[in-house]
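In what follows, a single structure is set out as structure tokens and then discussed.
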Amino acid sequence: MASTRSIELEHFEERDKRPRPGSRRGAPSSSGGSSSSGPKGNGLIPSPAHSAHCSFYRTRTLQALSSEKKAKKARFYRNGDRYFKGLVFAISSDRFRSFDALLMELTRSLSDNVNLPQGVRTIYTIDGSRKVTSLDELLEGESYVCASNEPFRKVDYTKNINPNWSVNIKGGTARALAAPSSVKSEVKESKDFIKPKLVTVIRSGVKPRKAVRILLNKKTAHSFEQVLTDITEAIKLDSGVVKRLCTLDGKQVTCLQDFFGDDDVFIACGPEKFRYAQDDFVLDHSECRVLKSSYSRSSAVKYSGSKSPGPSRRSKSPASVKRGGHHASAYSAARSPVNGTPSSQLSTPKSTKSSSSSPTSPGSFRGLKQISAHGRSSSNVNGGPELARCLSPEGVNGNRCSESSTLLEKYKIGKVIGDGNFAVVKECMDRSTGKEFALKIIDKAKCCGKEHLIENEVSILRRVKHPNIIMLVEEMETATELFLVMELVKGGDLFDAITSSTKYTERDGSAMVYNLANALRYLHGLSIVHRDIKPENLLVCEYPDGTKSLKLGDFGLATVVEGPLYTVCGTPTYVAPEIIAETGYGLKVDIWAAGVITYILLCGFPPFRSENNLQEDLFDQILAGKLEFPAPYWDNITDSAKELISQMLQVNVEARCTAGEILSHPWVSDDASQENNMQAEVTGKLKQHFNNALPKQNSTTTGVSVIMNTALDKEGQIFCSKHCQDSSRPGMELTSPVPPSASAEEPPVSAPAAAPAPLESPTPPGTPAASGCERAGTWRRHRD
């Protein structure tokens, strides 16, 4: 500011010293005197606008100014990703003040746990000849490649630049350039189904529910993704963006044409893990009455083709109805007590799919044709003829699939025990040994464009084999589906082990921590970080001799650590401070989550929580790392346990202990824990603070839900951090201190559940027999 003023003063001093040769316009010049021509001769000082210094600004026309402000459009690709079609960014000085700001935005848009896990750090030209180091080097209409710290990978990135919007277009840049008119006509024909239509979208959650009316026509419905964006802006879900739309019959909307069918009312759900309750698809009498009056008023303009450019018009009615309202649903769920949604868990909602998939739904798996999903229908619960046809030796289109034939020969396939967004789980029994497993069937057509996420998860499962980790027994593949034979754990999760037992001591908690630390030491030895350690992913395995152990599952967010990671993901209650701070993190984020779990095991509530259910408050507490052991809940807990928790919950990553140090700590290894029964106290607090700690009717469903999840279900858990959270951007919603409803798998019941009898689950291969000191009902401590 001071330099600017000094320049202005120097300018005026120069004007005083050197008068302009000409006087005011229309005044005659004087040959001999300077009294009339000089600026001071007539006592007038010319305006700065007339000075030579300001003549520069007069030459900059409005056209020049507008061209300077105009945004440059450029397309960005991921380094080495030949299946990514690129993302177009509008780059302007107003949007990006610096080159680092552009890198940060590209990281949020292009980075995930497989591609660019360390964020975007380098931008190459499309041919890799040079690096881009400033915003001025980016040119209008050019393409660039984003990388972390790795060298440029030479791939023909522009090969798949034109997406196949129509199933009749075979794609390819060459054909698009050769016959643009034909492609354009085909695209136009594919949208002939679009007619002006007024639809009602109801937000999921507790009643009364907000509803909005949206006009769909050729001006407002360009693509399915664009309509979802408009619905997100209109309905404003508490949990962020709208990820899923269903009709009142429970059928999922998968493409743009589904909006123009017989259905007029849709249910909108966000990225939270949510299983639909039966009454979510049923409108009460007041909602039907309000909707009827609303539609009677709007029927005259329903097909008039409004000229308003806006995509939606809000309705003050709480809900809407569909054709008089006959809706049936067989879905059941446990809904979070806060706003009716399990907000903290950020997985894609679990919905039961319709038995017939939409014929207009686009889908391909690396060029393979899509076929209808098998085994989804409720009439085929035993996996009979349909599964046999799916796994028949003839395969698909007459091609033999020896893998599927081998699968049927080796295993007896039973009924469906779990149905998720991208996978279905069936009972599976080894014909030779009689051991029970879970068969996870992933539909490749539903993973189109995101196959790398599934491949990453499966590649990690192939590598790990440990008694405290749910094991991938076998994998097989056909042209349309991926089959994973998984270890089936029937004992429920960590909370079930506490709430369903008659006695729970500090020693039991110590054994649970030992099991978890044992699994983490193994994973970290392979440089694998789990990133989603929480009680819902820790399943209880009960052995024939009555002993128990924990098994870690759900590797959807797991990845191999080759350097600092920057993807902000996880579950708020268990997320480490370095993830929130976005300073880069590694293996020890799992240790922090284990420390939070250890704290909960001994008192029943988390160490960091927001009394006002605000995510910002929770993150501030985690970043501060102020750990307290309030009385009277911690009065009877040993100092050794408190010491270990303090070492695990160190904000300083270097000071935080490792998994090996946890195993060697006296509280874990030397039986420094007490035998006092604290089952009633801990169970009471768990039921108060965690909705998934309520007793379940069937503990097997907990293990099935963990197996049913895929890496694609985890996309919603990559969230906006504390630094980028605002009211207009979807972020991670918090239910504090209630963590995620990992378990909205079973509806809560009021009657207390009896302690389950030990299950005759088979002992996994390689599991050592229980030592003599491990009596029935105690926890096993597997020694590596």
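Including glycine, each Cβ sits where the backbone N, Cα and C put it.
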ATP binding, same site as Ile417, Gly418, Asp419, Gly420, Asn421, Phe422, Ala423, Val424, Val425 - Swiss-Prot member from Lys435, Lys440, Lys444: Lys440
Spatially closest candidate among Asp532, Ser664, Thr683, the listed recorded positions, to Val425 (ATP binding site) (Cα to Cα): Asp532
The domain 'Doublecortin 2' (197-280), counted residue by residue under DSSP: helix, strand, coil: 20 helix, 26 strand, 38 coil
Recorded positions compared (Asp419, Asp532) - highest count of Cβ atoms within 10 Å: Asp532
DSSP-assigned states of the domain 'Doublecortin 1' (72-158) in counts, ordered helix, strand, coil: 17 helix, 23 strand, 47 coil
Other CB atoms within 10 A, centred on Ser664 (phosphoserine): 12
Spatial neighbours, same chain, of Ala423 (ATP binding site) - Cβ under 8 Å, 6+ residues apart: Lys440, Ile441, Ile442, Asp443, Met708, Asn709, Thr710
Cα-to-Cα gap, Ser664 (phosphoserine) vs Asp419 (ATP binding site), nearest whole Å: 41
